[in-house]
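Engineer: My questions will all concern the structure given below.
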Amino acid sequence: MEKMDECCSTQLIDGDGTFNVSGLDNFSKAVKLGECGLSYAVVSIMGPQSSGKSTLLNHLFRTNFREMDAFRGRQGIWLAKCADIEPCTLVMDLEGTDGRERGEDDTAFEKQSALFALAVSDIVLINMWCHDIGREQAANKPLLKTVFQVVMMRLFSPRKTTLLFVIRDKTRTPLENLEPVLREDIQKIWDNVPKPQAHKETPLSEFFNVEVTALSSYEEKEEQFKEQVAALRQRFQHSIAPGGLAGDRQGVVPASGFSFSAQQIWKIIKENKDLDLPAHKVMVATVRCEEIANEKFACLAENEEWCELEEAVQSGPVSGFGKKLSSILDSCLSEYDVEAIYFDEGVRNAKRQHLEAKLLQLVQPAYQSMLGHLRSRTVDNFKDAFDKALKGGEGFAVAAHDCTQSFMSIFDEGCADAAIKQANWDTSKVRDKLRRDIEAHVSSVRAAKLSEITAEYEGKLNKALSEPVEALLDAASSETWPAIRNLLRRETKTAVSGFSSALSGFDIDEKTLDEMLAGLENYARSVVETKAREEAGRVLIRMKDRFATLFSRDSDSMPRVWTGKEDIRAITKTARSASLKLLSVMAVIRLDDDADNIENTLSVALVDGTNSNANKSITSFDPLASSTWEEVPATKTLITPVQCKSLWRQFKTETEYSVSQAIAAQEANKRNNNWLPPPWAIAALVILGFNEFMTLLRNPLYLGVIFVGFLLVKALWVQLDISGEFRNGALPGLLSLSTKFLPTVMNLLKKLAEEGQKPTAPGPQRNSALESNIGNNTQVHSDSASSNITTSENGVEHSSSLRQRHVEMN
């Protein structure tokens with residue numbers, strides 16, 4: 001590659017048809033071609049070899065193309081920038097069309113050069129000699145045929161190009177005379193060029209603007225030549241303006257795409273492919289707009305402001321997010337528009353849309369994060385505001401509605417603030433998710449509040465019913481279940497009224513409200529039923545307690561003393577009847593007003609029929625031999641007939657001991673009251689003991705010995721608790737006394753020995769001390785023995801009588 005510093009010229013295509021890519025890129029940078037947009041023009045020149053093309057260009061555009069003589073080799077295509085012409089004008093000097101160096105392939109390169117020139121040039125100079133005009137075999141005719149054939153045979157539809165015929169070495173013949181002849185020759189050539197069917201009648205003016213100018217001989221009339229060239233030069237100033245020399249500019253490639261466009265055109269020409277310039281223009285626009293779009297996308301991806309915004313939105317919502325991001329995207333798209341404005345509009349817009357889609361795809365995750373933060377923050381703020389409203393006493397339904405509307409509006413405002421004007425993204429899904437989250441929280445709180453209120457009133461019912469029902473069942477009378485029913489109705493009515501008022505703020509539909517009130521009523525009923533079942537499980541204990549209370553206490557609730565005058569049978573029957581009454585009350589649940597015959601059935605089967613059981617036949621009907629009560633459903637049964645019979649049998653067994661103890665106490669009391677022996681025994685004692693009695697009268701010392709012996713025996717009696725030992729039987733009593741007799745005697749002797757060692761005192765005092773000591777010991781052992789006596793009524797009474805007698809004796 002050779003380069004001329006004065007005009008920045010470079011060889012674009014060498015003689016072998018090789019395109020100088022690097023040279024063109026360097027040239028474009030040197031002349032700042034990329035900054036020109038559409039404000040540039042391309043001029044090329046064709047003509048025979050050594051026809052003065054380079055000389056004309058150097059004078060006309062002040063370039064410095066190397067002028068070639070007839071003996072130099074082929075030169076290809078050169079490119080240079082015209083000096084001091086606005087707008088920027090590029091000029092191409094094509095190799096001569098009749099060079100002998102190429103031999104037989106000269107027409108191929110000639111056509112390729114002509115095709116290339118027509119594809120990239122706005123103005124094509126046809127350099128021709130004046131003496132060739134009107135000649136049949138003029139050297140320019142093959143050139144024109146080549147140009148026209150290129151247009152027609154290649155179906156080449158370029159933009160309308162200006163063909164400026166420059167007549168060199170003009171003679172004295174005026175231009176007005178030369179131009180018609182030249183135009184006639186051009187028309188003939190056009191008419192004779194084979195055309196496709198679609199262009200058979202297409203005029204030459206459809207493809208070309210034909211202009212003609214003439215120049216004097218440079219060698220013979222140099223000054224005149226220069227004046228004419230200077231005048232022609234003025235026609236290239238502002239050549240692209242409307243009415244200018246450049247002609248149609250609709251298909252022009254922007255300056256930044258000229259290098260790529262020229263490369264692709266020459267590549268396709270060399271590959272001998274058919275061309276369609278509009279398609280080529282689209283291709284160039286596609287490539288360049290794609291490159292620009294990729295550059296802008298990469299710039300935005302690395303944009304500092306965008307990176308900071310993307311990082312900030314990861315941690316939380318960003319105020320003014322949509323405005324900031326829209327500004328960044330606007331700036332990026334505006335830069336694209338500035339650089340791609342001169343390319344094909346359809347391609348430019350398509351690539352812009354593609355770039356916009358890629359940019360939106362890049363920023364969409366950040367936008368979704370922003371919406372996610374807005375939704376989360378709105379939900380959290382809603383929960384706080386909703387809880388605060390409820391604590392402030394606001395009605396649940398009103399608080400839920402107002403808070404929901406308020407925070408949905410806040411979310412909508414946040415979405416509007418986050419909206420990107422370049423995108424029309426739908427936020428309905430996120431909004432629906434927010435509404436579902438809010439509704440779920442409201443439902444959760446609503447369920448918790450309703451559960452809390454329900455539990456509160458259930459607790460009140462439980463407290464109001466459990467203990468009173470238990471007390472009523474414990475009393476077990478004919479009025480027990482009517483009293484329970486009245487209690488249940490009263491407390492249920494009160495609870496339902498309060499519960500209904502508490503639910504009024506929840507905006508509950510009538511059906512649901514009725515169901516909840518019915519549920520509370522059922523709960524109250526279940527409390528009573530549960531308590532009744534619990535008490536039914538303890539019915540045997542209750543029966544025994546009632547029997548013990550009525551049997552062991554009189555009408556004044558004082559403990560009975562079985563003196564022998566009481567009618568134990570009547571008392572037992574009364575106590576058992578009361579226990580049976582309790583059993584009949586506890587047998588079934590009577591929360592409805594349905595009547596039953598359970599009490600009579602139990603009385604006949606268990607009390608009235610007891611005496612006649614022996615007379616019954618084995619095959620007779622037993623009313624309690626069943627697992628259900630007549631006319632009573634199983635759900636209301638607490639104790640089945642069979643269970644009642646079994647409980648009664650167990651009850652009688654466990655209470656018979658108390659009855660037998662009472663009977664034994666009566667008999668013991670009777671024996672204790674008859675302390676004198678029978679009369680016959682008294683008579684026998686008087687008759688048989690007369691001699692002994694007289695002996696005692698004759699010797700009073702025996703009386704003292706007998707008295708002392710009596711005291712010792714009495715002390716032993718009390719300390720050994722002989723009557724208590726024999727209470728459980730003769731044999732156990734003897735065995736117990738045999739183990740306690742000797743230690744008790746030794747203890748008494750020890751006490752007497754201790755008394756004997758004390759200082760001598762007057763006789764009466766010593767005897768009193770001995771008696772006192774014996775009495776004290778007797779009292780101590782008596783209390784000790786009485787603590788081991790059983791708690792039965794008979795035993796307690798016997799122990800008390802012993803202590804009373806001992807006190808009287810002392």
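Note that Cβ sites are derived from N, Cα and C of the backbone, with glycine treated the same way.
Taken from TrEMBL, the feature topological domain 'Cytoplasmic' applies to 1-676, 722-810. Per TrEMBL, domain 'GB1/RHD3-type G' is recorded for 37-249. As annotated by TrEMBL, GTP binding site applies to Gly47, Pro48, Gln49, Ser50, Ser51, Gly52, Lys53, Ser54. What TrEMBL lists as transmembrane segment is 701-718. Sequence annotations record features per position, and here TrEMBL assigns region 'Disordered' to 755-810. The compositional bias 'Polar residues' feature in TrEMBL is assigned to 765-802.
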Engineer: Measure from the Cβ of Gln49 (GTP binding site) and count the other Cβ atoms within 10 Å, all protein chains considered.
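Structural biologist: There are 21 such Cβ atoms around Gln49 (GTP binding site).
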Engineer: So what's the mean pLDDT when you look at the topological domain 'Cytoplasmic' (1-676)?
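Structural biologist: Overall, the topological domain 'Cytoplasmic' (1-676) comes to a mean pLDDT of 84.
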Engineer: Using a 10 Å radius around each Cβ and counting other Cβ atoms from all shown chains, which of the binding-site residues Gly47, Pro48, Gly52 yields the largest count?
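Structural biologist: Result of the Cβ crowding comparison: Gly47.
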Engineer: Around the Cβ of Ser50 (GTP binding site), how many other Cβ atoms lie within 10 Å? Please give the count over every shown protein chain.
Structural biologist: 16
Engineer: On a count of neighbouring CB atoms within 10 A, which of the binding-site residues Ser51, Ser54 is highest?
Structural biologist: Ser51
Engineer: Starting from the Cβ of Lys53 (GTP binding site), draw a 10 Å sphere and report how many other Cβ atoms land inside it.
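Structural biologist: Cβ-Cβ neighbours of Lys53 (GTP binding site) within 10 Å number 25.
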